[in-house]
Amino acid sequence: MKENEKVIMEKGIHTDFKENMTYGEYLQLDSLLSSQQRLSDHHDEMLFIVIHQASELWMKLILHELNAAIESIKQDKLPPAFKMLARVSKIQSQIIQSWDILATLTPSEYIEFRDSLGQASGFQSYQYRMIEYALGYKTPHALKIYEKDPELHARLHKALHTPSLYDVAIQALVKEGFPIHKDVLNRDITQPYEEDATVEAAWIEVYADVQKYWDLYQLAEKLIDIEDWLQQWRFRHMKTVERIIGHKMGTGGSSGVSYLKRVLDQCFFPELWNVRTKL
């Protein structure tokens, strides 16, 4: 046996899988790798599909971690939530890098298969919508997009009516004794969050006495990390779209780059950003 074969077939490596589960079976690779179905004959459509499918897989993990973190905070278990939220930030940094790959798609290449998408658009990503809901940016009107699939619509409806990460963070402030206005605590959580002076005052106190409120301080910084990464993702999204299609209308009917620029102004945790100025 050649030396390189000895390395590859090291004694103890399993080779008989007649009655054992394989790597491919565990990951269901046959199903996963057969889901890249091009609707055109253009070579670069495969890139477009893989980038978006990979992003959806990462978003699935983000939701998994965000939902677990929300439950952990609700149960007053903040330190475990920190690990989950830190992982979310790492995933976000990974997704941002995917724009570098998609940016290798030129306008001349994309135009060859863009019509194959019809009205399909990333705007319709239900997982991205659920991430926004989990972070507190609630948009009830967006549910109409998902009426075609009753089961999916029900999931999004549930997410819309579920307390967000920022909702439970504010509850953590209340449990620590901070006087949060009743209008904040009794607000309609299906609507976008609006900043409040009592919430801002609480966070200012947290940042002014880090040692006393260490866990709340750590929570606040984890939230800032997530929004920071999300805004970087949004910016790269906008610039990549501009690079590929310029200022054309999006396939989903939006104004394209103009819409994506407006989205950059959406803020999830306004008081945590205000604190930077007020300290």
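Note: Cβ is positioned from N, Cα and C throughout, glycine not excepted.
Keep in mind that what you see is a predicted model, and the values were worked out from it rather than measured.
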Suppose a student reads Swiss-Prot and sees Phe48, Ile49, Val50, Ile51, His52, Tyr110, Arg114 listed for substrate. Which of Thr251, Thr277 should they find annotated at that same site?
Thr251
How many whole Å apart are the CA atoms of Tyr110 (substrate binding site) and His237 (heme binding site)?
16
